[in-house]
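Enquirer: Take a look at this one; I'll ask things after.
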Amino acid sequence: MGFRSSFAAFLGKSARWAGETFMHRSAGNLPGVIAMKAAPAVLADLSGAADNIAVITGTNGKTTTTNLAADCLASSGRPLYCNRDGNNLESGVVTAYLVKPERAAEGASSDAPVSCFECDEMYTRYVVPRVKPRFFLLLNLFRDQLDRVGEIEHVQGAIAAALEGSPDTVFLYNGDDPLCAAIAARVPNRSLAFGIACDMGLDADRISDSRFCQQCGAALEYDYVHYGQLGAYRCPSCGWGRPELSFAAENVRMLDGSLAFDIDGHTVQTGQTGVYMVYNTLAVYALSKASEIVSFEGFQQAVEAYRPTNGRLQTFRLGGRSVMTNLAKNPTGFNQNIRIVLNEGGRVLALFVNDEEADGCDVSWFWDIDFERWSQIEGLKAFVGGSRANDMQVRLKYAGIPSTIVENAADVLAATDESDGKVYVIANYTALPPLRRELEALEKASADGCARKEGE
Amino acid sequence: MKPLNIVHLFPELLNLYGDGGNVIALRRRCEWRDIPVQVTEVGMGDAMDFSHADIVFIGGGADREQMIAKDAIAARKAELRSYVADNGVLLAVCGGYQFLGHRYTMGDESVGGLGIVDMETVRGEGRLIGNAVIESDIASMPVVGFENHGGRTTLGAGVKPLGRVLGATHGNNGEDGFEGVHQGNLIGTYLHGPLLPKNPQVADYLLARALERRGESCELAPLDDAVEAEANRVMARRLGVS
């Protein structure tokens, strides 16, 4: 590492130390921001510190998949650098190298550190060429934040540029997504596809991103659609279609609160729900197998032990009540949550949507969500909150669902009772963390209350 | 009564900013009033028949999808022109709106439009993005929405806009203070949001014109629009208009 990068890393580490020592909190992105100010290309030097296994991107599921992949890599016992908190710009990746690597177990065959990072789609073009990971994992591409990120073609261009800037990186992508497969078709990198090779019998979403051939523009034909534009597709006009799957999940079973699928003669089981968790888990399986540093047992244990703590599919117990929170920040994410609620027979729904910078300030995508599917639920109680609560209330009204505006989760709990069953709190990017903190506090208060009662 | 026929052109291609919500709003507002209504979705390769249309809706799409839709619509240019000339009700948003003029810009290329409205769109520096509010003579409430366009549209002399921008709203081109177009029973606009749910007066304006054209009473039964009006008021107030 040159003097400039060493000095930059020193400044960044100092910022982290100062934050932790004097402010008693994590310095967030700041160490990376400071280091990059001192040496803009510092990441290229820092990345030499590890065997960089993967950079992970995609519209939906980045943070969950990165954490799951990190758990698997950590099972090898090697020290690990990872931006688990979802700080996914270049500065977040730099910050991850400036903290002490995590180490799950002693006695690994090697002490050489490994890394895996989540990266924002548009920043992959800077991060991937500097980190030069062995694998670049692309989960999916859906429309998201048009006002900030732009149309999907721009995202595809950024990802292709990332791969072109790191020609030895293997592109591991969702072959069920024509928008991902189109990138594999245009870059020189070696590529491997994963996908779900069986029909799950799901109805197609009303609005989908391109179900049109990425090569010639003709309407694609599908043997089956899983959701959005994901499925087994083929172009009747030019013959382009879903690539051969190097990692194919079969016999997918959606169970109550869990799911299972078969792959390569193994059965994979997770304590998570939702079709998109099949993809997230499958992607981590593919990465574990292709990287050859994680055993199937290590992968399976990590998947079984995985418990989200960031509000994604997290369940809170408040006395006799149960509250599930999940993130949804675009139509596809919401449609997935709609299915989860229908599968589980949920009747209390609370949707919180903000329009801060990180959320995007255009909320027209509410109208691309199939809320009409909820209108048949008997005894449904719907609540809306966040800075765009009024817009959501209008959307639900036109889906045939009357709703009440609330401030927070406590309002929802006060307006319902145990007989209404589990409460589903679905929130977008900036709306989720305060709700999670509120529910954590309520859960703690409820547990303390129970403990006091037992002590009386 | 024959159902009011809402024709939605290429919903699978021109569906970028939730603009299909306009069709949902028109349909629901008929259903709530017991006005028989049907939505006809015209896809690629489907026949386009405007003779049975009461309201035609054209949304906007991503560049790629808009390219695919462009040729299909251009092939039916004559039918669409005669529908508009016959006072047919048409709502076109963003890409669909630009398409109504003589020329517009697609990527870096200037493309011929339908020539239904005397207007032109050229590419400008940067995109005009943000929450938007305008005043229009078809609504007593402000009309709110969200604009996100790279094209700059200029109306020909004497062509009436949908309204005048308020606050920091950019409108057609960020310069002349106009937003959209309103010509006979045709409305073109850059406003997403989508436009009609939070501007129920604009939705009802289109429904009334469609009924009137069929020779039926255009007196619409009043609806409880408290939820819509509140969402409209919250946004208008946020943009400094009350």
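Every residue gets a Cβ built from N, Cα and C, even glycine.
Look at TrEMBL and you will find B:5-199 tagged as domain 'CobB/CobQ-like glutamine amidotransferase'. Annotation comment: TrEMBL describes B:Cys94 as active site, nucleophile. Taken from TrEMBL, the feature substrate binding site applies to B:Arg127. If you look up TrEMBL, you'll see B:His192 marked as active site.
Could you tell me the structural context for the features on the list?
Expert: In the predicted model, the domain 'CobB/CobQ-like glutamine amidotransferase' (B:5-199) has a mean pLDDT of 92.
Sequence-distant contacts of B:Cys94 (active site, nucleophile), defined as residues of its own chain at least six apart whose C-beta falls under 8 angstroms from its C-beta, comprise B:Leu16, B:Tyr17, B:Asp19, B:Gly59, B:Gly60, B:Asn148, B:His149, B:Thr189, B:Tyr190, B:His192.
In the three-state DSSP classification, B:Arg127 (substrate binding site) falls within a strand.
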Enquirer: Just name the most isolated of the recorded positions B:Arg127, B:His192, going by other Cβ atoms within 10 Å of its Cβ.
Expert: B:Arg127
